[in-house]
Ligand code: ADP
Ligand code: MG
């Protein structure tokens, strides 16, 4: 059957009118890009526009969807164990410090805090594990499997908008905006609501409570450390509102660059935030939630590194801690996913759990002088083999990767000493799908690629003493995100301007 269904002019108008109004009415919105609305047309910053969304929920194999959700607890366990294993992380980071300034700076910040002693042994992770459906091209009728694109340990975005877009698609179904010809596919039982906004907010609330009472009888708050300006602000606002409305927890937004102006550390390193609008009521910060600080562009001045150190030194729970941030390096993912890697069982002692996680890895290689590295270097240098790979630096946030045929000329220009800063990953080849995307008022129809993100909340205590094992206090799967991009684009970032938010319409077989 043709999917998505063809719409008549009248059907399309009905669907779009309702989609646009519902989106704005429910905060499925972004601040407009300057290329869409010139800043001079909106000098007071009052305008918002509909977030890029798909008109239809994309078809997604039920077995893969369920696998992704079911495996999230194992991924929480894996990454919290990595973040607690400083020695192991050090061995990974050491391969990068001489060739990657950003990773080096993060590591130095960790060492600086360690020297004075960490005063908070709780850490919060609001994770997102990203996947694509993969069909093994070497098999004749392959079953769809789930392969991981990357694991995010910092600023995992779209948890707010994801809950809204699944509600939008359900609404469009309920008002008969989808033609009856598609009713065997788009039906209530097949649509999946994402509970991510509420579930991630609950994660922040759980950390907030685990922090304990204020020692100084100040009011307590969660601090969202953010970029400024932030076009994806409503995504974050949904978490803030759920934190207050569903959990009774107060939060504030602090642009990362203003950290040192509005926060101080007490003698015992309690982090105090003084709201500029109400300087007579300072708050004690229980939890610092980083929605900034993951990219070198967030640190234009040396003072920004002082700010990161200041936050890391504090007694507030960090989401994520600097070691957890480092655990999200692509290099860590590569070390785990290089064929025949022995590392997984160090962190996942249960063989069955480790096997389930292993099954979601696509092959990833280093570009160093190891055996696997040498093999990867020849794969990457030859245009024929390079076309099955993607080259990634240790960066987050989209727009940093080098794809397929662009790899050999890129490496040719790069001094070989810098090659080990990159990892080489096999391209996942998802089955062809179609959808329509509404972005900046324009409708784009055609082939699309879908990426499933599964959120995880994990709160743990670092170990102390010789054993240093620590323990997980809370861990749960926290809803999902589906991002969909045109199949002409290699990148998938919604905020970066490549993709749209979507929801799953589950199909069997
Ligand atoms: P970032 O940290 O910048 O988000 P990602 O590893 O998620 O980096 O890569 C960005 C995008 O590139 C992904 O969203 C996906 O669309 C595409 N991509 C990355 N790795 C692969 C892969 N192995 N196969 C297919 N597409 C990929
Ligand atoms: Mg990504």
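Cβ coordinates are placed from backbone N, Cα and C, and glycine is handled just like the others.
The substrate binding site annotation in TrEMBL covers 128, 154-157, 230-232, 236, 291-294, 483, 494-495. Feature annotation from TrEMBL assigns Mg(2+) binding site to 150, 152, 396. Taken from TrEMBL, the feature ATP binding site covers 150, 330, 392-401, 403, 425-428, 451, 485, 491. If you look up TrEMBL, you'll see 221-327 marked as domain 'Glutathione synthase substrate-binding'.
The two recorded residues, residue 396 (Mg(2+) binding site) and residue 128 (substrate binding site), have Cα atoms 13 Å apart. When other Cβ atoms within 10 Å of the Cβ of residue 157 (substrate binding site) are tallied across all protein chains shown, the result is 19. It is 485 that, of the binding-site residues 231, 485, has its Cβ surrounded by the most other Cβ atoms within 10 Å. The shortest Cα-Cα distance from residue 427 (ATP binding site) to any of the binding-site residues (150, 231, 236, 292, 294) is found for 150. Among the binding-site residues listed here, namely 128, 152, 236, 152 has its C-alpha nearest to that of residue 403 (ATP binding site). Note: the Mg(2+) site is recorded as 150, 152, 396; in the same chain, 128, 130, 151, 153, 154, 156, 328, 330, 397 also have Cβ atoms within 8 Å of that site's Cβ centroid. Counting only the Cα atoms, the space from residue 292 (substrate binding site) to residue 152 (Mg(2+) binding site) is about 13 angstrom. Among the binding-site residues 128, 427, 485, no residue has its Cβ under 6 Å from any atom of ligand 2.
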